[in-house]
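As given in TrEMBL:
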type     : residues  : note
TRANSMEM : B:12-36   : transmembrane segment
TRANSMEM : B:57-78   : transmembrane segment
TRANSMEM : B:119-135 : transmembrane segment
TRANSMEM : B:141-167 : transmembrane segment
TRANSMEM : B:188-208 : transmembrane segment
TRANSMEM : B:234-265 : transmembrane segment
TRANSMEM : B:277-302 : transmembrane segment
TRANSMEM : B:308-326 : transmembrane segment
TRANSMEM : B:419-436 : transmembrane segment
TRANSMEM : B:473-493 : transmembrane segment
TRANSMEM : B:513-535 : transmembrane segment
TRANSMEM : B:562-583 : transmembrane segment
Amino acid sequence: MRPLNTAGKAVPHPAESNHDHKLTRRQFAAALATILVPVNAAATPAVSRIAVLDWGWAESLLALGVQPTAVAEAPLYGDRVVVPALSSETIDLGLRSWPNMELLRSLKPDLILAQAGYGVSQARLNEIAPTLALPLYSAERMPLVAAEAALKEIAARTGREEAAIDYLQRAHARLETIAAKAKAYDGRPLLIIKFTDDRLIDIYGEGGLFDDVLKRLGIVNAWDGATNNWGFATAGLDAIARYPEARLIIIEPGPPGRFLQSTLWQSLPAVRKGHVATIPPTWVFGAFPSAMRFAEVIREGIGIA
Amino acid sequence: MSSSLITLTRLSVVMALAAIGLYAVAVFGYIPVADLSAALRHPDPASFGQIYVHYSLLPRMFVALLAGGALAFAGTIFQQLLKNPLAEPSTLGILSGAQLAITLMTLSTVTVSAFQRDIAALIGGLAAVAIVSGLTRKTGFAPMTLLLCGLVISFSAGSASVILALFHHEYLRGVFIWGSGSLIQNDYANAIALAVRFIIFVPVLLLFQRPLAIAGLDDANARSLGLSLTSMRALVLIIATILTALVVARVGVVAFVGIAASHVARMAGARTLNERLLWGALIGALLLLLADGIVLVSAPVIGDVPTGTITAIAGALLMLALLKSVPSSIDQFTPIDGRNSTSRTSGSVLVLVCIVTLTFVAILSLTEQMFTHGLDPWGLFTGRWPRVLTSASAGAMLAMAGAITQAITRNPMASPEGLGVSGGAGLGIIAAFFFGGMASPLMPIAGGILGAILSFSLVLTVARRRSYATGPVLLGGIAVGALATAIMSLIVASGDPRASYILAWTMGPTFRATGIVALIASSLALIGFVVFPLFRRWIEVLPLGDGTARALGVNPRRSRGVLLLFVATLTGIATLVVGPLSFVGMMAPHIARMAGARGQTRIVLAATTIGATLMIAADWLGRTADFPYEIPAGVIAAFIGGPYFLWIIRSNGKTTLRA
């Protein structure tokens, strides 16, 4: 198993291997960090050894200026969530859906952060250490609200209330600014898509983090179809054509090869009218920091800088 | 009987009309009827509907026709060549082999071009055929042995792909969408590539039509006509495999079209090889077109289900229905003969050695600290005893089930894994997740048991008509397993973030075992152990044959039914713990016999201990091999068990003489 596993981790995603693109992402991350990550990191948090089983909570913790001791699938976090970055010393706990329980036990964490209803049950984690199992993608279908509540709760448990208030204040102010600027936007509804290959796309809609952010910014999400538990639907390209007035937002990595030059793609109403924008990779199942990152990339993407 | 009503021409016309009707519904959803000829010939670039019909739906029709035709054509060739009514690209392992090769290539290269995909598919497909034919050559490609080899390779390659997906879920989603046989097209590239392949390979294969027709009659007959049968067979096998692999590279895994088309053609009256080849190809083309039309029209309601999943589900059901057409003569295997073993260990010493090994392995697994530090022995023990006890119980139950199955069928390849119970349990677990959510661990357990019972009843119903002959039972079970694999691929392709969790469940997560699960599993294993002596007489008598059994006052049908139910229960419970692919139930009785166990009862006892040992060892390996990532114990056991299974088939083949 090991060679395959390491191979998979070492090899960048096909479309992510593009150098130009990596550079943009890194520059972008640096720019974001100056806005959102508090400079004065924690002096002595109430709990010091935190094991995190969900990337959304890992990024929330980092936003509060706390480095987690261990994170599930930590090496992959760098590829997918990108910023805020984990320390290179972060211990890899194994799969997010099923972390290594013995390793978790041996690390003697003061606190375990998990997503409620995903992976190991809270009861079993509680046997190892006090566990905070917070909902994110739940029946409520309001991930942004859940993410903010979770950030506050994590802050309360780690003695970082001030950092949380500070962070949320700046974040909300930032969202207000973007929302105000969005009034200048032409009001064209957005269709936010991600390619799985060159034939099928994921479309983000109701119940997803991105949809919540768009609502907050006062921008209309074009997709009105059904979505799953995590707020997305998988469909063929013809789904895009059903929204001829929408502006297409493609989350990178885009489709492989020269697909964007094909006759089929070029004949899509949105493409013909030039209503297409590409935004850098953004973690689609994330928490508050991912939401903020999405707000920033969408601001750039629709040109309301 | 109904030959006057159903003729090949009428059937083809009806199928073609139905498929075209379905496509028409889809097409006119995009464009008005008046625009049809424009859309087909010169689509207006300003109209997405016309472009979509021209560049997506039209090539999709061509791809469905060409792929279905090629797969059915190759299927008929395989059936003729191997004299096996159930042979086709999927049952020979070609599709899964190609899929695994392409998955591996995706993981090791940055971007995979269409050409690289072709090469990978060729390597994977040819490797699968080489293994299958290499293993069965000695038996003269005995049909049942061949199918078992092909399906075991299918299983192993399929499960390897699933494991890769477990660890690279998001990377591999695209590959899995391709792998499930989605026929969505964006341009004519695939249609043109398939047409070229069709035009080159079909005439080449038709050149062999005459020698193939003779080979179909009789080996001796053909030899007397001066044919070098072996070399011709090998050549045709390779060419047909290349055609299949090159089709797979473009459309993904589209299973069972070959079987379905040739059987439909035969039923509708195709007699000679020539008729079966040409009509089979036409019907195959129309079948896939029909399946794709159904997928296309129902997409707005049920979402974009890959067409390959539909054919896999339909094909698995068809295979169950076709089991009665497998000739009885091919069910023969070398009866298990314990006397040829060289070991002379006495029974009690053997059992003692087994128990000592079991204890040693259990203690090692409970105490080693290779990767974790700073855990006190008690902490280590409380964390580990549930998984060790659960593994041991599951291994013991599977081994007992395997030993009983092998004893009553005298078939060295019989095993609970082959009965379809495991696949059914896997399907039940998946259903429980989707309908009940992930909140309670009781739901998947209930789903698993229900699935096991349902699938086993299904296989039994089919097998009853064949008096529980081993071959049909095994094939029925394997068909259910194929169904489970198809549905798992579909889940990975769906992009649901729960996929990796569900995959891990179906692969046998001993690391998930809690104290309660361990206690339940071990109590059930103990109950099985206690109940077992009640069946001792049956197990000793049934291998002697039905006539002897009846003379000794045992009703062979009823006793066999009860034993199969007992086996199913043991397997169903064990599957929940270690997943469907362990092969422990097949391996453990073999090892017991090789170690010198004599007498059915003693074999069952030794096998039970050995099964427990194997599972504990697999659980330990899964924990340490890729620390901190846990590999399900069932997967580890399958990696050892799959090759072992093939090795047994091979050594079995060596001593088998075909009549």
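Glycine too: its Cβ is placed from the backbone N, Cα and C atoms.
Any TrEMBL annotation is an automated prediction that lacks curation.
Small disclaimer: the values here were computed from a predicted structure and weren't measured.
The stretch from B:57-78, B:119-135, B:419-436 with the most CB pairs below 8 A to the transmembrane segment (B:141-167) is B:119-135. Beyond its flanks by at least six residues, the transmembrane segment (B:57-78) meets 23, 26-27, 30, 40, 84, 87-89, 92, 183-185, 187-188, 190-191, 194-195, 197-198, 201-202, 205, 212, 236-237, 240-241, 243-244, 247, 250-251, 254, 257-259, 261-262, 265, 273, 276-277, 280-289, 291-292, 296, 307 of its own chain at Cβ-Cβ distances under 8 Å. Across B:188-208, B:234-265, B:277-302, B:419-436, B:513-535, stretch B:419-436 shows the highest tally of CB pairs under 8 A with the transmembrane segment (B:562-583). When the stretches B:12-36, B:234-265, B:277-302, B:419-436, B:513-535 are ranked by Cβ pairs under 8 Å to the transmembrane segment (B:188-208), first place goes to B:234-265. Note on the transmembrane segment (B:12-36): residues 47-50, 52-53, 57, 61, 279, 282-283, 286-287, 289-290, 292-294, 296-297 of its chain, located 6 or more positions outside it, place their CB under 8 angstroms from a CB of the stretch.
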